[in-house]
């Protein structure tokens, strides 16, 4: 927009340079999302009096981080051309395993945390392994996992704890140190920052490095862009996909431990429906549903948009009945924007 | 893929075999490590070893009456603590009354109706249903009554119970329970309250808030949150408390959400008091710590227990409970001073 407004006043070569820069920027998958994030931020700064308070922003960041932690590996998975519908309940499974193992064994809670990591990674491996072995769409495989996990969460919890929530592990050894790692808060200047924000940023940095600087990153793009072509040039597509599912499982473990240590017990029915939030964040952030395109930073921006909107509506004190409507409208707009940006980017190539 | 792939496939097979062998070595090693850790790194506090030995069984040998079958069909969602307590009350009464107890649930109205139909087809001797979606259940409950099966309704739907031909209704009137909260808030001198609805569009939750707003002298705001997403629930309540500093009371409509409200209040630095519907172990802890001011208990155990007992009494002694009026199991307001008495019952899941 600025380019066309400025253009007539400037010399021709200057304009050409400007356009190419702009186009290069437009080629970035997260651009559409960044524009959206700025727009949402400015909008709520005006619409809600309390939105710009430091404490409010830290609440928004927290809300964004709990989605963002999962949105990062989900974005990588989508770049790799696959879906995972089991993510929401997998987070709960991870928390349940950790809590119930520690409780039943009367073990230091870190033992439960470790066992939970193994179990969650195994679930991720199962998803990936089933996918590459059966060649069924990931939609079906992970839908099956989703339903099975939902049932297992409830069934095991009732069998072991005798209720639908786990028993408290708040008085057990290691709880305080585990809480410090997964659910603590610290003060930076005036702001109260949750540790989940650090996990989130760490995962974004790690994922970005993998995507852009390593061979595995190229494999992910290649697997999602065209699995057969990738296989033909020697990309280990199956291994890449299993790895991606295990990456999702790792993040589910982090999010699950947060869920557990933020409180000290877990409700077994939690998490259903959250899988869509992660996918939404990844898509708003520029991932394509068809794979081969997207970024980890974009997923973070997507999660931030999601956090800002969902809490912004509360700060603005609007009737929250309309929340889902805004969400739907935003997803649609973001996808349209991304499609448009991508078309422009392809036109420049 | 077809031709030149053969050599590669063979190569891949050896690689895979090697990898499998490696995995075969690592997996048991990992398991052993985990087991070792588990035994070595024991917790000196809490956990299963810290559990009391007290049992929740009422004991007794049961009655000498003829075996009968009772089916309970509820609208419980998966993993709801509340229905667990209802069920354990019913099971306890069934054990005492020599009743074979069948339980099923579905939160969708028509699915629930099908489950009721199944019970009718089985020709059970008594039927317990919830009427959260009265329209969906109307015809099938009438069918059961016509087939001569005594029906007791529990929990919500008191209004609809009698017209359908049910013997009795045992439950809590959500509006009355809400009104009790409003009065309690007045007693605490609160001026602005927030009612947190954890399942948008759930009639009984709306009724609780409406009831509270009716008797509460101050003003009341509603907040819809996503109940299956605890971090989101917490941050939404936090956001609301930051946005409106005047809020001095938060009413959670289910026990798990009270803990989220307490966290939200701490994070937002708000001075609000927390009140909640229903009890669980962490609410009791919070009551004792003063984090939660009071809880409204509708005694779900009684709903299950009395319903089975009523069907048994009806069969063996032709009794009818309530005299045409709903039998209320709540609201019972629980505060810090009730905690010592109730603690052990909550721990074993009957309160």
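Cβ from N, Cα, C; glycine included.
A TrEMBL annotation is a machine prediction, not a hand-curated record.
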Stretch carrying transmembrane segment according to TrEMBL (options A:85-108, A:109-132): A:109-132
TrEMBL annotation of transmembrane segment - which of the ranges A:31-48, A:157-174 it falls on: A:31-48
Segment assigned the feature transmembrane segment in TrEMBL (from A:193-212, A:213-232): A:193-212
Candidates A:139-156, A:193-212, A:242-261, A:276-293; stretch with most C-beta pairs under 8 Å toward the transmembrane segment (A:300-316): A:276-293
Selection from A:31-48, A:109-132, A:139-156, A:193-212, A:276-293, the stretch that has most Cβ pairs under 8 A to the transmembrane segment (A:242-261): A:109-132
For the transmembrane segment (A:276-293), sequence-distant contacts whose Cβ falls under 8 Å of one of its Cβ atoms, 6 or more beyond its ends: 28-33, 36, 67-68, 70-71, 74-75, 78-83, 87-88, 221, 223-226, 299-303, 305-306, 327, 330-331, 334-335, 338, 342
For the transmembrane segment (A:139-156), sequence-distant contacts whose Cβ falls under 8 Å of one of its Cβ atoms, 6 or more beyond its ends: 83-86, 88-90, 92-93, 96, 100, 123, 126-127, 130-131, 164, 268-269, 271-272, 275
Residues of the parent chain within Cβ reach of the transmembrane segment (A:193-212), under 8 Å, 6 or more residues beyond its termini: 58, 61-62, 64-66, 68-69, 72-73, 75-76, 79, 180-187, 220-221, 251, 254, 258, 295-297, 299-300, 303
Cβ-Cβ under 8 Å with the transmembrane segment (A:109-132): same-chain residues at least 6 beyond its ends: 82, 84, 86, 90, 93-95, 97-103, 138, 141-142, 145, 149, 169, 172-175, 177-178, 237-238, 241-250, 252-253, 256-257
